[in-house]
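J.: I am attaching a structure below and will ask some questions about it afterwards.
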Amino acid sequence: MKLIVLENEEQVANKAAQIISEQIKNKPNSVLGLATGSTPINTYKKLIQMYQEKQISFKDVISFNLDEYKDIDKNNKQSYYYFMKEQLFNYIDINKNNCYIPNASFYDNPIAYDELIKKANGIDLQLLGIGINGHIGFNEPDSSFDSLTQIVDLTNSTIKANSRFFDSIDQVPTQAISMGLQSIMNAKKILLLATGINKSEAIYHLIKGQITKKWPCTILQKHNDVTIIIDKNAASKLTNLKAN
């Protein structure tokens, strides 16, 4: 694991965008694994800026999103399909036919999503956030390390955390379709971002903890190419570290 500790959220986003842009420059037809939630938004803004300044092009990029709420209309403003359009896809030159999100067509056979990824020769760079309980994707505590794309039940803590995006907690879906932990581990490179004091415990377990299903993120310790970029608040439970 490579750990990069920076001063603030903006620096984290800039560094992440730099790594993603280098991946695309080195391999224009890169297969990217993309994430949603509040963490990657500033990274996507920076990538849009790079595209507008003609530093990079996404025209040959293929993307696979980690997850999507189950039984949510794709045009619902809280769907991850809508999120990706509004936060990235509408502002870059990516071919929308090359943008995949695990949707209703995969409910009956979720691992068909993994087969689609395999057909694209695998994910070159997987972008991840991390939940306060250590979930990655929607792989909650006690998820199998061998799991492929599947329909999952969301924990109360995740439903509560995601309720900030909805008018009420009752509107938050209780299930999602998510790439499994093995699906994520199959990526050639992984880039995980975290900011804020509320992510500090999960980051501590990710980096210092034992590999355990109680903290799904700890499986990443077994991957041979993981870069973790965090701000000093997310690093607050790690001792003897200084911001770069």
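Placement of Cβ uses the backbone N, Cα and C atoms for every residue, glycine included.
Got these off Swiss-Prot a minute ago, pasting:
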type	residues	note
ACT_SITE	D67	active site, proton acceptor
ACT_SITE	N133	active site, for ring-opening step
ACT_SITE	H135	active site, proton acceptor
ACT_SITE	E140	active site, for ring-opening step
J.: Would you count the other C-beta atoms found within 10 angstroms of the C-beta of N133 (active site, for ring-opening step) for me?
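T.: Its Cβ shell of radius 10 Å holds 18 other Cβ atoms.
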J.: Could you tell me the C-alpha distance between N133 (active site, for ring-opening step) and E140 (active site, for ring-opening step) in angstrom, no decimals?
T.: 8
J.: Test of understanding: give the count of other CB atoms lying within 10 angstroms of the CB of H135 (active site, proton acceptor).
T.: 25
J.: Give me the long-range Cβ neighbours of D67 (active site, proton acceptor): same chain, 6+ apart, Cβ under 8 Å, in sequence order.
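T.: D67 (active site, proton acceptor) has long-range Cβ partners T36, Y80, P102, G137, F138, A176, I177, S178, M179.
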J.: State the count of C-beta atoms found within 10 angstroms of the C-beta of E140 (active site, for ring-opening step), not counting that atom itself.
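T.: Other Cβ atoms within 10 Å of E140 (active site, for ring-opening step): 21.
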